[in-house]
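These features come from TrEMBL:
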- 1-26: region 'Disordered' (REGION)
- 1-11: compositional bias 'Basic residues' (COMPBIAS)
- Tyr146: substrate binding site (BINDING)
- 184-286: domain 'Pseudouridine synthase I TruA alpha/beta' (DOMAIN)
- 352-375: region 'Disordered' (REGION)
- 365-375: compositional bias 'Acidic residues' (COMPBIAS)
Amino acid sequence: EENGHQNKRLKSNADEEDAEDQNKKSPKRKIVLLMAYSGKGYHGMQRNVGSSQFKTIEDDLVSALVQSGCIPENHGEDMKKMSFQRCARTDKGVSAAGQIVSLKVRLIDDILEKINNHLPSHIRILGLKRVTGGFNSKNKCDARTYSYMLPTFAFAHKDHDVQEELYRLDTETLERVNKLLACYKGTHNFHNFTSQKGPRDPSAKRYIMEMYCGEPFVRENMEFAVIKVKGQSFMMHQIRKMIGLVIAIVKGYAAESIMERSWGEEKVDVPKAPGLGLVLEKVHFEKYNRRFGNDGLHEPLEWTEEEEKIAIFKEQYIYPTIINTEREEKSMANWLNTLPIHDFNSSAVEMQTNNKNSKKSSDLEGSDGCDDDSD
């Protein structure tokens, strides 16, 4: 019996030594991973350690990193140990085609294949690059590009009785949509497009580089269009509110002058479009690439070789989810029915009174927009 115990002890020591040898062979390195995921059914990207009832993308990712042997188990419990940082905190239901996370891992053989083997098919690691030791994907990111896919009947005028499946967006309306979206370009005070930021909060000023709506296309007998927006960073719900306000204007619920008003100090009631169609498309690292991309040691953070994989993932997992969910749950149609409830003309005093009354209920509402820069 004693011999048996001794053998077990020797075997366990040998296993530990093997693991240590493997770790010495695979030293920890700072890398970035290119991620794509369908966000439906998840409470966003960022992990809430200790809260298992709200499942996030990072819960599945960390579990796969541990199971594949890239990180030790205790690093999964305390993510600071692997210097983990995500580029954008996509929130409840929001998908990504080009999310970037930075972390320290053991560079094991066939690392991408091994991580993906432990992930569900609607979350994929599509690429990996080595980066500088001090790299932080959130702080080093110069800009983010999001897309928002929506059924075009959202732009039908409120006085027209339209059948959702038969509606087709005409050129004139698309031109008007694009004229309004272009007004967002430049630097504006977006305090009305998020919660808990006052008009004099410097962080409410944001720089938008481009925003436009592409040509419509038909999927599953319903016409859709995709709005693209590129900005330095976005606050919670900002993009959804930017789109919500344009829809309210095009449908005839609000005057065009509300846009200018919304950037002033006055509190304006800005409607928030559904989260379903929002996708983090791409994150940009122009400054980092200029400094380190061609230094002979590091690669530029560009993903041209992965573009085909990204496109395939979107066609397989992101677009079908948006289209099918829209058809089954009618998130856009139901939201459009709430637009008449908004008061687009009320004064600041009236708004403050209303807000005090509704603050208690709104504080209970979860985050479900996109939030790149608040922890």
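Cβ atoms here come from the backbone N, Cα and C positions, even for glycine.
Bear in mind that TrEMBL entries carry predicted annotations, made automatically and left uncurated.
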Study note, to complete from the structure: Around the Cβ of Tyr146 (substrate binding site), other Cβ atoms found within 10 Å total 25
Check your understanding: Could you give the number of helix, strand and coil residues in the domain 'Pseudouridine synthase I TruA alpha/beta' (184-286) as assigned by DSSP?
Key -> 26 helix, 33 strand, 44 coil
Point to revise | Reported mean pLDDT - the domain 'Pseudouridine synthase I TruA alpha/beta' (184-286) | key: 96
